[in-house]
Amino acid sequence: NEGHRRRIELDMEGALTARDRVGIQDFVLLDETTEAAFLSNLNKRFSKDLIYVSLGKKTNFSRNPASKCVYIFTVNMIHSFNSCFVLDLHCYALADNAYHTMLAEFNNHFILISGESGAGKTEASKKILQYYAVSCPSTALLNTVRDKMLMSNPVLEAFGNAKTLKNDNSSRFGKYMDIQFDSEGEAVGGHILNYLLEKSRVVHQNHGERNFHIFYQLVQGGEEDLLHQLGLERDCQHYNYLTQGECAIVASINDKDEWKTVKNALQVVNIDEINTNHLFGIVASVLHLGNVQFDSDSKGHALMNNNPELRWLLGVDAHTLQEGLTYRKIEAQKDQVLSPFTIDHAIYARDALAKAMYGQTFTWLVNRINESMENKDSSRKTVIGLLDIYGFEVFYVNSFEQFCINYCNEKLQQLFIQLTLKSEQEEYEAEDIEWEPVQFFNNKIICDLVEEKHRGIISILDEECLRPGDATDLTFLERLEDKMGNHPHFVTHKLADKMTRKTLERGDFRLLHYAGEVTYCVVGFLDKNNDLLYRNIKDLMCQSKNAIVRECFSTMDPDNRRRPETVATQFKSSLLKLTEILMAKEAWYIRCLKSNESKQPGQFDEALIRHQVKYLGLMEHLRVRRAGFAYRRKYEDFLKRYKPLCPATWPHWRGVPADGVEVLIQHLGYLPNEYKMGRTKIFIRHPRTLYATEDAYERCKHELATRLQAKYKGYKAKGEFRKQKEAATKIETCWRGVQARKEREKRAWAVKVIKQFIKGYMTRGQAKITDNSEYLAFVRQNYLNRLKDNLPKTVLDKTTWLSPPSVLTERNINLQMKLITSSLFKGKKDSYPQSVAQPFVDSRISEQDINPRALQMIRNEHIKYGVPVVKYNRNGFKPRPRQLILTQAAAYVIDEAKIKQRVLYAFLKGISVSNLTDGMVVFHITCEDPKQKGDLVMQCDHLFEFLTKLGVIANKQNVIKVVQGSIKIEIQAGKESAVDFGTGQEPMVYKAKNGHLMVVS
């Protein structure tokens, strides 16, 4: 409890500390309580993206930044609110304060979240639920309850939220959710109450608006099998109830992803697969119902011709449903008469059924969620309620829904002022401070205008709905003019003066709400208030094969002959019950503001903000909080913070804290009218008095800090000097040791190098080993340096080469071969640069690798070089692996024990290669006999080594040609073909359609 008290008290201190950074966090500490000062402070904080501010410890309000940024709060960050003093103004902080107050006092609380559509109410509600789900103690059972509380949001948003002109995810119903906690602070259950679902949206949407999300999620995200089963097509344009707003697809809404979330959430809240299918069946039936069309017969009666949609409607008899939508059943004593509908009446009956089905299903869904979250333990529980309800709405055309919503806001404003006054009065009485009356606008006169029995607008509306005869919306307006003619907050076109009359249509009436004037169009008031569904249709729905529909309509008591309560009366009764629930709890508030209508970041629309500040009653709240004393603080905390300002209280006050505070404020020069001493707290009237004290405290802190710094710097300097002296001595000692070790290591290295050189010289004639490797490298480098200045003039000059040391003779031959390769291919063939670093070897095939029979036939010619190749046949160019052996007189192509071809160097008239990176080589052979084999086409992986060796052995360097594009070949005498070369993604060799061999590099 003490930790929680400190947490609450430090909220104000946090506001004081931050007041000079960007505006003022707590609006109670504003110097002026004018609207201009209020808006200016809001704008300052908005400009720095500080979206959370407070108005006292129990009211937090935020501005929707309208940017697509995502605030990420990890579990550790949420837990940090539990383990430290809450100085942050995030709604987590307010939720944490309410939670710990509930635990400390063991009483009930509620958090009222209010604001205009699109201001962020739903997001604030989600964050509070998230906070309670993560921060409370955890067990396996409780985790299940929390999952259900969290996952109830996606379900209710899908069925109860829609895109409006002001908000892409607007809640079209009011929600009050009780979170139940046990004595240990563990969340053990929950219960939801819903208010006034906007059922008219099911059948009609304004331009730029959508129906409820679930319809689009089912059509866009539903599986193909499910859509086929429900008779739906994956095209929103096919359904009349989804196309009226002309915005079925919205960039900011991903219906496919939301569909997956909703299906998962339904499982979490214990709605099984059968009921889930029934639920989606109802959604699909509403869509099919919207496509039902009516024709007219010669008498103007409604007919239904060729309506295939009827067979998809809820498992009811299509013929009976057709009769229910085109005839009204009238009971006269014991007889029943069918009265035919006009087309307008039939459309009304169709839409009434669609609204009733959806509304009853939504109520069923809320009840099932409540059952899944129900706490079975009957012991006493404390609760924190979350009230997320519609904000004040003013549209271009305001109808029955806006009338009910704004009436709700009037009641909540009345409750808000009452609870705020009550909270202030209780604190003043507890501290024995005289209460000073507060001047504020009491909106009871407006609430009475709407709800007063027999005289209020709702009573007159109900009377007109129940009155026999031809009652219309205009007769209702006339009744209002008769009854309300002199009311200061009510005006119509007939009652208005000449100037006001220009702004009103004849079917309008205007109410002067606490938030400002709102003009309502009476068209549709009676129909929406009646919300009637004909009895024969109700009876038919009770026979549906869909279990949910059957259950919902069976509870409507079709045998009851009494007329059901009107929508307005039901809403009025539910509001009164809600008020009773809230009055029994301690109130906390989150007020949400919208910075601009265009949903753009960084725009501060002052007129819009001023309007919201007015209708949220923030100025009234500020006046109530500032009516007496702006700041109050426990004596112990006040003395602990400000005692350095008085010599008598610094550093320790030994007496009673109240006496110490008295001494302190006398020293500071407080005037008698600037403060009051309560029983446990000091009350300070003006923020400026507190700011002067805080500024003095800041200066005092700097002076104390300067003294401490001076003492500490002196102590640090002496210590640092001693450390430096000791360090210098150690460094000198270490440095001498380092120098001596370096000298020893240098001599040891010299001895090692000399010994290694001598050993290398002694073993220079042996194979390369560790002992002679460095010596040989030295000899090689020395020879190359000398050779650089004595190179021969031509490549063919073999007599003037500088004689190499004997250990380098072999390497010298290799170098000469490389020079020949360079003269043949450098700058001509693309793969040449990669071959330079690869050394040449004597042969790629040893005599042991050659078949003995083949070796016996060529041994006399002295083998010079051998290499593996791939030979391409002349007929079909099929690849065959072969061995190519170069002797002193000829080149042999060998296949195991057979010599496939012998090419005498004398008949080798040319050698061709391409300029690309391939390894292809063509031997052009002189053919004197028609039966003699023609040119030889091969592929070799060691092309440059092979051709260099061949050029030297056969003295054929001058016949090696690098060709671009294509090489002509003679398959046999008189028969020609070609090898074509090109480039591609991957190297390949194949026979092209033109009969040529195609080589791709």
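Glycine too: its Cβ is placed from the backbone N, Cα and C atoms.
Database features (TrEMBL):
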DOMAIN    22-698  domain 'Myosin motor'
BINDING   GLY115, GLU116, SER117, GLY118, ALA119, GLY120, LYS121, THR122  ATP binding site
REGION    575-597  region 'Actin-binding'
DOMAIN    829-1001  domain 'TH1'
| Which residue counts does DSSP give the region 'Actin-binding' (575-597) for helix, strand and coil? | 9 helix, 9 strand, 5 coil
| query | GLY120 (ATP binding site) has how many other Cβ neighbours within 10 Å of its own Cβ? | reply | 24
| query | Hey, what's the Cβ neighbour count for THR122 (ATP binding site) at 10 Å? | reply | 22
| request: Among all chains shown, work out which of the binding-site residues GLY115, GLY118 has the most CB atoms within 10 A of its CB. | output: GLY115
| query | Once the chains shown are all counted, how many other Cβ atoms turn up within 10 Å of the Cβ of ALA119 (ATP binding site)? | reply | 26
